[in-house]
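S.K.: Here it is: the structure, laid out below.
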Amino acid sequence: MKEDGIIEKHAIDAIPLEERQPWYSIAMIWIGVMICIPALMIGGALVSGLPLKEGILAGVAGYTIIILIMTFTGMQGADLGRPAAVISRSAFGVAGSRVIISLILAVGTIGWFGVQANVAGLAFSSIMKTWVGADIPVWISSLVWGLIMLTTAVIGYKALEYLNYIAVPALLILSLYGTYVSIQKFGLETLVSHSPPSPFPFIQGVALTVGSFAVGATIAADYSRYAKNRRDAVLSSVVGVWPAGVGMLAMGAIMSVVAGTYDITEVLSTLGLSGIALVILILATWTTNTINAYSGGLALANMFNLPGEKRALATVIAGVIGTVLAVGGILDHFIDWLSLLTSTIPPLAGVLIADYWILRSGKPEKWEEYPGVNWIGVVAWIAGSAVGLLLKMGIAPINGIVTAMVVYLVLWKLIKRE
């Protein structure tokens, strides 16, 4: 956005009511966020362990939980008009918030950079083999595209802004067409009778879905702060996230059943959609990863309190780490990666919800910044993450959220903090 735009003017300050946006404007931003390669891959990951119908239902349940989380974090954003990094200063303290929120943003964005650079590398190797007969190792292609994406994130490339206007609709059209081809070739009955290659419980599918958008749900205030009221914050999330998220997930699931893998490159090739489809895949990952590298760099800069002139260096570090993950084949550990996000990020939302909606009764006038580190919030988050990781019964993100809320409230009462 331009330097005099709302986002730049009010980076951490409260958004004035006269500058708030209608709910549908915020919903359109969420829709754009949801139409992406990872959303398709989540669907593929679900049907690797669940039958098609159950996989889609797990996605529906997962996104419903995501919306419930966003209802609370989003309404708080609308109440206070501030981003998540500032809102969390009450629950984690000013210093604690800077480190913890920046850490989850860094882990999330850098990890997704690695996943998508790996996807681009797979697509590029496939294109080169099909078009010119060159057999380029995937790790080399992933390295090259990781560096290209990193470079454009550091130096800026205006054309990418316009490229995004093409890549997002093109990806949606490609997904719709791929789904149509899958149904036409194999029929719904064949797809529904699919037997997953590596079965896992339904609740794990729900948890994986939550993990796929856990970062977005936790920092929903970054967008909902522009909402005029609580109703608009909730409406923008429900309309913007749920239909687009479930729709992309379902299309990814259907196409992956046909290919027998959640590797989106192989999925498109199996459907006979190589060539231009793989080019679209590369463009879509490129535009998204430029943002991932930039956001990861900002998160690192904020976490280590780096001056403005060092932010380019932070972006380089974020991109290099992401590229190393891509070269190492992070895509082969995609479900493990999702499981990590599933267990460690939702408890943050649990702490925020307990602090604002229970301890402070959801009243903006009671919200205040806590100086230094609020160790109660930190301990509650760690406890929630541990339960999410170690408890093998129930739904991991729900376990983590509830544990974090209970620990936060109990410790607060015991210590009798004013």
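Heads up, the Cβ atoms here are built off N, Cα and C, so glycines get one too.
Below, the features straight out of TrEMBL:
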TRANSMEM  27-50  transmembrane segment
TRANSMEM  56-78  transmembrane segment
TRANSMEM  99-124  transmembrane segment
TRANSMEM  136-155  transmembrane segment
TRANSMEM  162-180  transmembrane segment
TRANSMEM  200-221  transmembrane segment
TRANSMEM  233-259  transmembrane segment
TRANSMEM  271-291  transmembrane segment
TRANSMEM  312-331  transmembrane segment
TRANSMEM  337-359  transmembrane segment
TRANSMEM  371-391  transmembrane segment
TRANSMEM  397-415  transmembrane segment
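Thinking about packing and proximity, how do these listed features fit into the structure?
M.R.: If one looks beyond the transmembrane segment (56-78) by at least 6 residues along the same chain, the residues whose Cβ comes under 8 Å of a Cβ in the stretch are 42-43, 46, 50, 84, 87, 202, 205-210, 212-214, 216-225, 227-230, 232-234, 236-238, 241-242, 245-246, 249-250, 253, 346, 349, 352-353, 356-357, 362, 395, 397-398, 401.
Within the chain carrying the transmembrane segment (99-124), a Cβ under 8 angstroms from the stretch's Cβ atoms is held by residues 37-38, 41, 84-85, 88, 92, 136, 138-146, 149, 214-215, 218-219, 263-266, 278, 281-282, 285-286, 288-289, 292-293, 295-296, 298-300, 302-303, 318-319, 321-326, 328-331, 334, 337, 341, 344-345, 348, 378, 381, all 6 or more beyond its ends.
If one looks beyond the transmembrane segment (162-180) by at least 6 residues along the same chain, the residues whose Cβ comes under 8 Å of a Cβ in the stretch are 32, 35-37, 40, 248, 250-252, 254-255, 267-268, 271, 273, 277, 280-281, 283-284, 286-287.
Proximity of distant same-chain residues to the transmembrane segment (233-259), defined by a Cβ-Cβ separation under 8 Å and at least 6 residues beyond the stretch ends, is recorded for 23-24, 26-31, 33-36, 39-44, 46-48, 52, 55-56, 59-60, 63-64, 66-67, 70-71, 74-75, 77-78, 175-176, 178-179, 182-183, 185-186, 191, 194, 209, 213, 216, 220, 223-224, 227, 266-271.
Long-range contacts of the transmembrane segment (312-331) within the same chain: residues 106, 109-111, 113-115, 117-119, 121-122, 138-139, 142-143, 145-147, 149-150, 153-154, 263, 289, 292-294, 296-301, 304, 306, 337, each at least 6 residues beyond the stretch ends and with a Cβ under 8 Å from a Cβ of the stretch.
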S.K.: When you scan the chain for residues with a C-beta under 8 Å from the transmembrane segment (397-415), skipping those not six or more beyond its ends, what do you find?
M.R.: 65, 69, 91, 207, 210-211, 214, 342-344, 346-351, 353-355, 358-359, 376-377, 379-381, 383-385, 387-388, 391
S.K.: Per the definition of 3+ C-beta pairs under 8 A with sequence separation of 6 or more, do the transmembrane segment (136-155) and the transmembrane segment (271-291) touch?
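M.R.: Yes, since the transmembrane segment (136-155) and the transmembrane segment (271-291) share at least 3 Cβ pairs closer than 8 Å, they count as touching.
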S.K.: Report, as numbers and ranges, which residues of the same chain sit near the transmembrane segment (271-291): CB under 8 Å and 6 or more residues beyond its ends.
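M.R.: Those are 36-37, 112-113, 116-117, 119-120, 123-124, 126-127, 130-131, 145, 148-149, 152-153, 157, 160, 163-164, 166-168, 170-171, 174, 177-178, 181-182, 185, 255, 258-259, 264-265, 322, in sequence order.
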